[in-house]
Amino acid sequence: MSSYFEQAANEILGATERVAAAVEEGASILFSAASSSSSSSGGEKANIDTDDLMMGEEEDIAMDGFGGSTLEGIADGVLSDIMSAQSGPQTPWEHFEAFRHAINWSEPLVRYLLIFHAILFLLTIYTVSKRASFHSRIILLVFLFLLVRSAEYLNAYGNDHWEDFATQNYFDKGGIFIGLLFSCPLLLNCLIMLVCYMREAGSLLVEVKKMEMVAKKKKKNKDKGEAPSSSSRGKTNKKKTTKKD
């Protein structure tokens, strides 16, 4: 059995040696033929071959540059998206800080807006007090509602004409600036007014119930007082009739 394997191995080695010898012989023949043909043809063929080689290399470089630029652009876009997603704000507090730093608080537009909200807040506190009339409360509440309702139109106008009154465009399509710095304080004033009105309505309801209970007690006491007086009047009338008899 071992002799069989040794014989097979020897045959394989012999075959590989013969193949290697044939390859070497063919290569030597090819090199000799190429050298003879190049010496006979002269420099023209060599120039043509070098020109073809250079053109092929330029085409390969161009194709590599085109494919490389496309792939590099895609890779750069993906990396920029990943980096922006990682470097952007993640928590609500980070979003708040990013929004706070994005606004120029010394800008006249922002200052006038804060003054406007301060005035409306003082008016709200005055109207919820008992010194203000019912009509003034309704007028202020309707005015605040109209301002909140017009926030979308104000945002569109600001997006078109922001260069006239601001240093940067705060009025994006999402309406973050107009929603947080314009609508939210107005809605807060409306909420304060509604809460105060509900408390006032509740206190008035309690007072009305108390007055009803007091009126019922007075009516009961009055009915009880009228009953003995009527009986005493009947007794006096009977005494008078007996005396006459």
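Cβ coordinates are placed from backbone N, Cα and C, and glycine is handled just like the others.
Noted in TrEMBL for the protein shown:
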TRANSMEM  109-126  transmembrane segment
TRANSMEM  138-156  transmembrane segment
TRANSMEM  176-197  transmembrane segment
REGION    217-245  region 'Disordered'
COMPBIAS  235-245  compositional bias 'Basic residues'
Inset, instruction - Using a Cβ cut-off of under 8 Å, list the residues of the same chain at least 6 residues beyond the transmembrane segment (138-156) that approach it. - result: 120, 123-124, 127, 171, 175, 177-179, 182-183, 186-187, 189-190, 193
Inset, instruction - Report, as numbers and ranges, every residue of the chain located at least six residues beyond the transmembrane segment (109-126) whose Cβ falls under 8 Å of a Cβ in that stretch; write 'none' if there are none. - result: 103, 132, 140, 144, 165-166, 170, 181-182, 185-186, 189, 192-193
